[in-house]
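Student: Marked as xanthine binding site by TrEMBL: L20, N27, K156. Residues or ranges marked as 5-phospho-alpha-D-ribose 1-diphosphate binding site in TrEMBL: A128, N129, G130, C131, A132. TrEMBL lists 26-156 with the feature domain 'Phosphoribosyltransferase'.
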Amino acid sequence: MQLLEDRIARDGVVKSGNVLKVDSFLNHQIDIDLLDALGAEWARLFQDKPITKILTIEASGIGIACMAALHFDVPVVFAKKTQSLNLDGEMLCTKIDSFTHKKTFDVIVAKRFISPDDHILIIDDFLANGCALRGLIELVGQAGAVVEGLGVAVEKGFQGGGDDLRARGYRVESLAIIESMDAESGAICFRTA
Ligand code: 5GP
């Protein structure tokens, strides 16, 4: 999506350790017009799918998922990260390795918020190795619901998570795919279709 690529090229900052900072427009300060445009694009791409809910993970997925949900007119459920898991049977739960925090979180969603009739669109801000999205897919599977697709704002294609999910048959719609980036020069190259 040209609008997002242009914004990343203008305001994204490449850090060491394969981290792209987009905190001036996507996940700290938030440009709501940009998020609205991302939501409209996913609504167009997934218009053939009977989406009933959007699932994301706290914290930075929430704003993006909520703006997208306005275009689908469905509720948003966000998975919560917790370090003290109190399993009471009412929760769907899995573990996710955090790329940015370098630790493993237990991640939970209350069972009552995803039912076997649900058709879920999973949305997140970044796709790197794919741990976060695989964890969310696992939660949907535990609920017996259907994953209709995965909507990602920024995929770092060189980390392989997106292509792995596509190879497993998931429809992944990333609105910008970074093929390479360099912390020293700040250069960012996008994948062309
Ligand atoms: P994955 O689980 O696919 O390895 O990483 C995705 C998760 O890590 C996302 O939920 C996102 O919050 C975080 N993440 C991964 N790479 C980056 C990055 O380059 N910049 C930022 N801001 N977050 C990232």
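Residue 1 is the first one shown; counting continues down the chain.
Placement of Cβ uses the backbone N, Cα and C atoms for every residue, glycine included.
Just so you know, TrEMBL annotations are computer predictions that nobody has curated.
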Student: Taking only C-alpha atoms and a 10 A limit, tell me which of L20, N27, K156 are near N129 (5-phospho-alpha-D-ribose 1-diphosphate binding site). These are the binding-site residues.
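Tutor: Near N129 (5-phospho-alpha-D-ribose 1-diphosphate binding site), where near means Cα within 10 Å, the binding-site residues are K156.
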Student: In DSSP terms, helix, strand or coil for A128 (5-phospho-alpha-D-ribose 1-diphosphate binding site)?
Tutor: coil
Student: Do you know offhand how many angstrom separate A128 (5-phospho-alpha-D-ribose 1-diphosphate binding site) and N27 (xanthine binding site) by C-alpha?
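Tutor: Taking the Cα atoms only, A128 (5-phospho-alpha-D-ribose 1-diphosphate binding site) lies 16 Å from N27 (xanthine binding site).
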Student: List, in sequence order, the residues of the same chain other than L20, N27, K156 whose Cβ lies within 8 Å of the centroid of the Cβ atoms of the recorded xanthine site.
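Tutor: Not counting the recorded site residues, we get G12, V19, K21, V22, L26, D125, F126, A128, V154.
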Student: State the Cα to Cα distance, in Å, between N27 (xanthine binding site) and A132 (5-phospho-alpha-D-ribose 1-diphosphate binding site), rounded to an integer.
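Tutor: A132 (5-phospho-alpha-D-ribose 1-diphosphate binding site) has its Cα 16 Å from the Cα of N27 (xanthine binding site).
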Student: Give me the Cα-Cα distance between L20 (xanthine binding site) and G130 (5-phospho-alpha-D-ribose 1-diphosphate binding site), rounded to a whole Å.
Tutor: 16
Student: When the pLDDT values for the domain 'Phosphoribosyltransferase' (26-156) are averaged, what is the result?
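Tutor: Across the residues of the domain 'Phosphoribosyltransferase' (26-156) the model's pLDDT averages 95 on the 0 to 100 scale.
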